There are 4 protein chains.
Amino acid sequence: MRELPPSHPFDDDKLKEECGVFGVIGVKDAANFVALGLHALQHRGQEAGGIVAHDPVQGFNSARRFGYVRDNFTEASLMETLPGPLSIGHVRYSTAGSKGQTAIRDVQPFFGEFAMGGAAIAHNGNLTNANALRRELIERGSIFQSSSDSECIIHLMARSLQRSIAERMKDALRRVEGAFSIVAMTRTKLIGVRDPLGVRPLVLGRIGEGYALASETCALDIIGAEFMREIEPGEMVVIQDGEIESFRPFEPKKPRFCVFEHVYFSRPDSILQGRSVYETRRQIGVELARETPVEADLVCPVPDSGTPAAIGFSQESGIPYAMGIIRNQYMGRTFIEPTEQIRNMGVRLKLNVNRALIKGKRVVLVDDSVVRGTTSRKIKDMILDAGAKEVHFRIASPPTAWPCFYGVDTPDREKLLAAKMTEDEMCEYLGVDSLRFISLDGLYRAAGEAKGRDAANPAYCDACFSGEYPVAPSDMIEKGFALKAAE
Amino acid sequence: MRELPPSHPFDDDKLKEECGVFGVIGVKDAANFVALGLHALQHRGQEAGGIVAHDPVQGFNSARRFGYVRDNFTEASLMETLPGPLSIGHVRYSTAGSKGQTAIRDVQPFFGEFAMGGAAIAHNGNLTNANALRRELIERGSIFQSSSDSECIIHLMARSLQRSIAERMKDALRRVEGAFSIVAMTRTKLIGVRDPLGVRPLVLGRIGEGYALASETCALDIIGAEFMREIEPGEMVVIQDGEIESFRPFEPKKPRFCVFEHVYFSRPDSILQGRSVYETRRQIGVELARETPVEADLVCPVPDSGTPAAIGFSQESGIPYAMGIIRNQYMGRTFIEPTEQIRNMGVRLKLNVNRALIKGKRVVLVDDSVVRGTTSRKIKDMILDAGAKEVHFRIASPPTAWPCFYGVDTPDREKLLAAKMTEDEMCEYLGVDSLRFISLDGLYRAAGEAKGRDAANPAYCDACFSGEYPVAPSDMIEKGFALKAAE
Amino acid sequence: MRELPPSHPFDDDKLKEECGVFGVIGVKDAANFVALGLHALQHRGQEAGGIVAHDPVQGFNSARRFGYVRDNFTEASLMETLPGPLSIGHVRYSTAGSKGQTAIRDVQPFFGEFAMGGAAIAHNGNLTNANALRRELIERGSIFQSSSDSECIIHLMARSLQRSIAERMKDALRRVEGAFSIVAMTRTKLIGVRDPLGVRPLVLGRIGEGYALASETCALDIIGAEFMREIEPGEMVVIQDGEIESFRPFEPKKPRFCVFEHVYFSRPDSILQGRSVYETRRQIGVELARETPVEADLVCPVPDSGTPAAIGFSQESGIPYAMGIIRNQYMGRTFIEPTEQIRNMGVRLKLNVNRALIKGKRVVLVDDSVVRGTTSRKIKDMILDAGAKEVHFRIASPPTAWPCFYGVDTPDREKLLAAKMTEDEMCEYLGVDSLRFISLDGLYRAAGEAKGRDAANPAYCDACFSGEYPVAPSDMIEKGFALKAAE
Amino acid sequence: MRELPPSHPFDDDKLKEECGVFGVIGVKDAANFVALGLHALQHRGQEAGGIVAHDPVQGFNSARRFGYVRDNFTEASLMETLPGPLSIGHVRYSTAGSKGQTAIRDVQPFFGEFAMGGAAIAHNGNLTNANALRRELIERGSIFQSSSDSECIIHLMARSLQRSIAERMKDALRRVEGAFSIVAMTRTKLIGVRDPLGVRPLVLGRIGEGYALASETCALDIIGAEFMREIEPGEMVVIQDGEIESFRPFEPKKPRFCVFEHVYFSRPDSILQGRSVYETRRQIGVELARETPVEADLVCPVPDSGTPAAIGFSQESGIPYAMGIIRNQYMGRTFIEPTEQIRNMGVRLKLNVNRALIKGKRVVLVDDSVVRGTTSRKIKDMILDAGAKEVHFRIASPPTAWPCFYGVDTPDREKLLAAKMTEDEMCEYLGVDSLRFISLDGLYRAAGEAKGRDAANPAYCDACFSGEYPVAPSDMIEKGFALKAAE
């Protein structure tokens with residue numbers, strides 16, 4: 001299978017969002033809209049995508065493919081096999097399920113035929129008690145077809161004694177723990193649900209007489225839908241015949257939206273919690289410049305995710321903004337290495353330093369995060385090779401010291417640089433003149449919490465920084481994961 | 001054949017550079033270096049690529065493929081068929097030759113078997129007397145295999161009475177007119193030549209014991225080669241056994257390097273004429289801000305090519321720089337349009353407006369050029385839809401009013417907006433609050449000519465702006481092209 | 001998806017065997033043997049194939065592909081993903097399940113993860129109560145992933161209360177009705193089962209220290225295995241650690257092997273019930289010559305399946321055997337028809353008449369069966385066009401008047417020529433000089449029953465000829481299928 | 001590139017015909033007819049195929065592909081690119097040109113643009129002075145694009161001083177030596193030529209108002225064309241506007257048609273020299289039975305090419321004909337060999353012995369030829385493994401002791417078993433009970449020469465048996481090939 005070019009030049013050294021979901025009802029050729037919506041959400045999952053559509057005459061149809069939406073869901077011959085006014089879709093990067101080698105069976109939406117008809121679901125997030133549920137379901141005679149945690153939901157629905165699919169879904173979701181933003185469909189209904197904490201985003205839009213659900217607003221923009229509102233944490237909406245019904249199937253909890261969606265996962269042109277993601281990131285740069293000032297000649301982003309924060313840093317500090325590192329827009333990671341070794345070839349395939357610009361300069365490099373640190377070292381090498389006088393790293397998030405269990409692909413804790421080193425040790429390890437992270441408070445301020453983080457009652461899920469998990473990761477604890485010791 | 005995603009979101013409305021060339025001698029597995037070099041030059045030609053390599057035992061081998069280098073020249077099984085220490089390659093966008101539907105036979109390098117051995121050539125540029133030469137050669141019994149102008153060179157070489165391939169190449173190139181930067185190879189020599197005006201770039205680098213020739217310095221960077229110098233206009237270098245010989249086969253002329261290489265074609269991390277391309281572009285923005293000031297809230301680039309000029313404009317004007325338009329990094333141009341028409345769907349696939357940022361703002365949009373104007377209109381629509389209060393276009397090049405015949409794909413003159421309208425008419429046509437282009441003098445200043453353009457003796461080829469063609473386009477004149485009337 | 005060339009030139013007008021199964025235990029790289037075995041069984045199912053293998057370290061792995069074994073399971077890279085000493089496989093033509101457009105999910109072997117470990121099964125045959133079982137299982141919360149009848153077995157196993165997989169399989173198979181020859185595997189066992197009537201074949205062979213199970217002996221030959229014996233009707237064998245255990249889980253019944261396996265489905269080099277299939281077919285020709293003599297100049301087979309009977313007919317009748325129709329060995333069914341219509345183009349792509357041979361001759365054409373009769377008409381046309389004086393059809397099976405529900409793809413009863421016409425009417429419809437079928441008694445004699453068919457107690461399943469179904473097709477009856485009226 | 005399944009199970013041990021040619025004029029969508037014609041000629045060249053078509057509006061178009069016609073020239077999208085009423089095509093197996101690894105440039109038809117318009121040619125045969133011609137042409141400045149001998153013709157045409165293409169073709173063909181049956185086209189003419197000896201076949205047919213030229217009559221049959229006559233040795237026909245003109249451009253010679261076309265190359269349903277090929281082959285079996293009688297129980301063909309001769313042998317000898325070896329109709333040569341070695345796996349993939357039939361029998365195996373003898377040994381092994389009592393080989397051609405230089409792929413002389421051994425030595429080497437070849441006289445009788453071979457003036461080219469080459473193979477002699485010593 002052909003190797004897929006990564007969305008970010010250093011995917012190996014990034015946290016990766018896991019999934020994007022999209023659904024639409026009440027339009028002709030709904031699957032074509034879904035293809036567009038998924039294309040706009042491709043950054044949330046580049047490994048595979050799937051679409052299910054329902055047509056009153058032709059019933060349910062589906063297509064699942066590895067690779068990009070633009071390569072797979074643009075053939076007329078395929079899209080014609082997905083007729084009907086109701087459709088949902090999913091893009092995925094493997095989180096739960098077989099890492100690396102996803103089987104096509106793991107590609108969502110999942111479909112179940114129930115006694116009262118079929119239903120398909122697409123899930124963004126991760127269930128923290130999926131292993132336990134799976135074990136129980138297998139013992140009772142369920143046959144799992146995928147290695148995905150999400151499949152539990154459809155089996156729980158199959159075994160529910162409720163008479164309607166929406167009720168069965170409520171039943172099922174009351175059994176699961178963790179993060180879920182779900183778009184589902186029956187023959188006549190489009191359904192959206194968000195877990196009580198609202199960890200992952202989910203938004204509602206209007207298009208003509210119909211409605212759309214999407215992980216992010218940028219997917220509403222591409223189909224020309226008007227953004228109406230976010231689905232609220234703990235809310236389930238059921239859309240049928242132009243009517244939207246809202247339910248609250250779960251016990252209410254204080255919301256804990258993922259702060260990393262602001263930092264890196266969401267697209268800069270999306271609107272989260274009423275704010276431009278781009279603007280939040282620029283503001284992070286502003287906060288960072290205030291918290292960690294430095295004397296330098298240039299502020300350069302590590303492309304592309306560091307760009308908004310670098311702009312903010314430059315604006316606040318007055319140090320000129322410049323494109324010191326140029327990204328190769330054609331990317332590629334699989335060239336044959338010539339026998340005469342090329343130093344840091346992997347990085348060179350994706351980035352090149354603007355040598356004439358950098359030479360002799362004191363450079364502030366703004367990046368979104370440090371995960372393993374491997375890439376940061378290589379970038380520093382390139383910048384120094386090009387003759388920079390000083391290199392100062394400024395990071396638009398706090399040190400990432402804990403894995404995420406809510407739908408983000410994070411390395412094991414022992415691979416996280418910040419789990420093993422202090423900020424100074426990291427600075428020395430990376431070999432830069434200075435390395436500074438934004439504080440958790442600074443991040444919260446940039447994300448709209450003027451007073452910073454309320455330790456007793458934080459507004460966000462920030463477990464990857466703080467180690468405070470709002471839902472106990474029970475499957476992982478069973479496997480031996482050690483929570484942060486109480487202080 | 002699968003549709004190739006464009007390098008620039010609005011390829012249909014851009015001038016397109018035609019080719020990139022690369023060659024290397026004196027390294028193991030030279031073809032692997034060539035693949036990397038071509039990858040770095042992909043922006044100069046995305047339609048197809050080819051590599052020829054020579055090995056003392058296995059002789060000449062070649063591979064030609066449609067599509068991107070990263071998709072075609074990364075398989076070990078293919079690259080192993082291209083052994084040897086000497087190799088050249090070419091990436092192309094069709095200029096001469098069959099437009100749109102390039103045959104694989106048109107993909108360079110071209111190869112000829114001569115009595116004294118074989119030679120391969122890769123050509124960047126365009127010959128202005130190719131039609132006449134082709135006619136003459138066919139009458140004398142030559143059989144053309146491609147529709148490419150460049151094939152004339154190999155036939156002229158075949159018919160030369162000189163005894164060495166290098167001498168035959170000189171013979172042949174003295175017969176051709178127009179622009180050429182050529183990388184060629186025999187069994188033992190790597191050859192580089194640039195036409196007397198030096199219209200297209202060509203640079204020389206050192207790698208270990210070997211040498212490399214490339215269209216741009218960014219291709220030296222990717223293989224870790226050290227940039228030595230440019231091949232000079234009118235120079236031919238012959239590299240063999242670690243020795244570089246330099247010849248001057250042509251009558252000397254005043255150089256006329258293509259100024260559009262500075263504006264758009266070359267990569268921002270390349271060095272042209274001793275200057276960072278990025279820095280020249282930023283300086284264009286500075287000049288533009290001086291020449292055409294405006295009151296506004298934000299300066300936004302049209303991504304990605306307008307970015308450096310927008311940074312310069314912001315720095316000179318003091319208006320904050322912002323990413324008002326976000327480019328979809330996955331691109332794609334072939335989705336099935338849903339039955340419910342999506343307005344400007346083509347643009348939406350590639351760009352999205354940062355709505356929350358733009359709303360209510362006076363926006364300066366900086367773009368590199370206006371060709372047909374079709375895209376500029378759509379972008380203006382998107383910006384206004386998002387609620388911008390005012391839209392001011394600032395263009396980093398003078399009005400493009402004349403086609404290029406030296407290796408750039410330009411629309412027919414009647415399709416060029418600037419050939420039909422004054423600046424004010426264009427502004428009205430585009431429906432923006434203001435539209436201003438940089439002056440030719442301003443462009444020359446930004447490109448290092450402190451005194452601006454010397455009308456009697458311009459430092460650059462600027463025919464696309466001025467209509468002054470440094471080499472008469474004889475084939476085109478024969479077909480009825482009307483030169484600018486003498487004033 | 002590319003169209004697959006058919007195995008027989010007139011697939012559209014043939015009954016089609018549905019599946020072939022193969023399994024091996026106790027050899028290195030078992031999956032490679034399975035690939036070979038499936039290749040030898042390709043005539044039993046050309047649409048898709050699948051292989052599951054188990055390795056103590058790497059667990060279960062599987063690959064499912066559309067198309068031929070030789071195109072799909074010959075890549076080293078794929079086969080290396082299927083390590084281990086135990087493997088089973090399946091080739092299929094869709095019978096139950098979605099006709100025409102098989103989903104990859106319908107491709108066997110099916111796999112189920114049970115509490116005590118995983119199991120995979122490959123099924124040849126068809127279950128006659130699958131619809132009812134499926135309905136019941138869905139009501140109880142099972143989720144079906146395919147549209148295949150065979151999937152019921154794995155769900156029944158999942159819900160069994162037995163503690164071992166073999167016991168669960170017995171439980172499950174006692175619930176199903178119809179025809180099944182199954183090869184299954186757990187982590188350590190290879191299992192073979194045949195339904196009590198033994199409708200479909202299944203044989204056992206020895207290879208080195210290991211054992212193999214296969215639909216036909218020709219698949220033992222290709223891997224160099226020694227044929228030991230047939231699995232008996234109603235027998236289950238469980239092979240582990242070099243030991244074969246035999247069980248009789250079902251109530252004993254009088255065997256009713258499918259007589260059409262002798263006529264057409266099985267390969268002529270296989271051994272069924274101790275007899276060469278080729279020899280049985282030749283003997284059918286002998287019987288046919290005795291029962292329906294004719295004066296003629298040549299006996300020609302309709303290639304390739306009519307060949308052995310034609311040889312027998314020639315030998316018994318003394319009329320010379322000749323290849324009057326030549327099959328194009330490259331086949332193909334999808335050429336673009338030129339605007340000037342070519343008469344019977346579909347047939348011409350596959351067959352051509354040996355015109356110089358046929359001209360002016362009285363020709364006996366021997367074919368294996370008449371299903372819809374469409375092809376027979378075209379062949380007759382070709383033969384007459386070539387100048388034959390007379391055309392006499394002799395058919396190596398009785399009139400096919402009833403559909404098969406035990407694993408053969410038959411048209412609906414109203415499409416079967418013999419369901420609507422007498423032999424004389426068929427002769428007139430086909431426009432031939434004579435048309436005669438072998439009698440049921442003659443067929444039984446050729447198949448080894450010296451006394452012909454014992455009407456009270458027939459030795460074979462011959463429902464497609466006689467309308468006497470040894471297992472009531474209950475799903476079909478529920479859908480309205482009318483059994484033959486009692487006489 | 002995917003490996004192509006061979007046409008004959010033992011291609012590696014067969015002489016291989018090199019090419020098939022086809023052309024048609026005066027019909028709508030001529031290229032569709034050409035695709036069908038080439039499909040019928042696929043046995044003459046399975047490696048690659050090409051089609052050129054001309055349309056008054058769209059000019060010349062071509063497509064060249066590796067692989068089978070049925071896989072490459074059946075897409076509507078491709079065939080629509082080949083419009084017009086005039087088209088020629090070619091299928092090839094590499095003879096001259098790069099063996100094994102044909103480049104797409106070597107795939108015919110070849111095309112040349114001349115001053116008076118373009119022409120395309122497709123060549124069956126081989127030129128014996130191509131090396132010398134090529135050398136001369138290169139010295140004069142021609143550039144060869146392929147390694148094919150046939151390209152010389154187009155260069156000679158390009159350099160001819162004649163004013164019409166037909167005249168230039170005469171000029172060119174008077175310079176070449178060897179075997180050629182050529183189909184060519186200009187914008188308005190379809191041209192057919194056969195060399196003075198008429199070594200390779202070429203026939204003319206009528207279809208509606210148009211005409212077709214083909215290597216064999218079976219290609220006329222598939223398009224429903226009526227066979228008119230053979231093009232005569234030394235004849236050139238030029239067809240235009242429904243008129244056929246005939247020319248005799250060469251000095252007349254006594255024809256020497258290739259006798260191996262009768263033995264093996266041509267399809268059994270073709271008509272050569274007024275006789276059914278099948279019937280000639282059957283007659284060879286009759287002669288063989290007379291010349292080399294044997295006591296045995298069964299006569300079995302080595303499928304498929306030995307079949308007609310085996311039928312004849314059986315009929316003459318009275319020994320029953322039987323299918324003792326069954327060919328796997330799905331073939332394939334690239335399975336992964338399991339670690340436990342399977343004896344003669346290569347053969348098993350293609351053939352299987354009908355064990356129950358063969359056991360204890362004395363078997364006559366009839367094959368068409370013995371080339372290297374490697375396959376014959378393996379078949380003998382299989383037959384003996386299956387328990388045959390005796391194995392007698394009867395070969396339908398004399399010993400093949402000399403290579404062919406007229407368009408057949410033969411191993412070097414030292415690889416030919418008959419070049420190194422007497423008949424008795426071969427028998428011992430193969431390990432069979434007897435081995436006998438038909439005599440040259442017997443072969444001539446079967447091919448219609450009642451008196452056998454006239455040594456002074458043989459009716460056929462039989463150089464591969466006799467070593468008497470009717471045209472001196474001058475290129476090969478220059479390379480050191482030793483002709484048979486005069487006796």
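The count begins at 1 with the first shown residue.
Every residue, even glycine, has its Cβ placed from backbone N, Cα and C.
Note that TrEMBL annotation is computational and uncurated.
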* Can you tell which of C:C218, C:C300, C:C404 TrEMBL lists as binding [4Fe-4S] cluster with C:C258, C:C461, C:C464? -> C:C404
* Structure fact -> Per TrEMBL: Mg(2+) is bound by C:D367, C:D368, and from C:S305, C:S314, C:S317 the site also lists C:S305
* Structure fact -> Expressed in Å to no decimal places, the gap between the Cα atoms of C:C464 ([4Fe-4S] cluster binding site) and C:S305 (Mg(2+) binding site) is 19
* Asked: Near the [4Fe-4S] cluster site, what residues other than C:C258, C:C404, C:C461, C:C464 in the same chain have a C-beta no further than 8 Å from the centroid of the listed C-beta atoms?
  -> C:V199, C:V259, C:F260, C:Y406, C:V408, C:D462, C:A463
* Out of C:D367, C:C404, C:C461, point to the one nearest C:C19 (active site, nucleophile) in space (Cα versus Cα); all of them are binding-site residues in the record. => C:C404
* To do: Among all chains shown, work out which of the binding-site residues C:D367, C:D368 has the most CB atoms within 10 A of its CB.
  => C:D368
* Asked: Which whole number is the mean pLDDT over the domain 'Glutamine amidotransferase type-2' (C:19-242)?
  -> 93
* Structure fact -> Cα of C:C461 ([4Fe-4S] cluster binding site) to Cα of C:D368 (Mg(2+) binding site), in Å and rounded, measures 18
* Taking the Cβ of C:C404 ([4Fe-4S] cluster binding site) as the reference point, list residues of the same chain whose Cβ is under 8 angstroms away and which are at least six residues distant in sequence. => C:L15, C:F260, C:T410, C:A463, C:C464
* Would you kindly give the Cα-Cα distance separating C:C258 ([4Fe-4S] cluster binding site) and C:D368 (Mg(2+) binding site), rounded to the nearest Å? => 15
* **Neighbour count (Cβ, 10 Å) for C:C19 (active site, nucleophile)** => 25
* Asked: How many whole Å apart are the CA atoms of C:C258 ([4Fe-4S] cluster binding site) and C:S305 (Mg(2+) binding site)?
  -> 17
* Structure fact -> Counting every protein chain shown, other Cβ atoms within 10 Å of the Cβ of C:C461 ([4Fe-4S] cluster binding site) number 26
* Within 10 Å of the Cβ of C:C464 ([4Fe-4S] cluster binding site), how many other Cβ atoms can be counted across all chains shown? -> 28
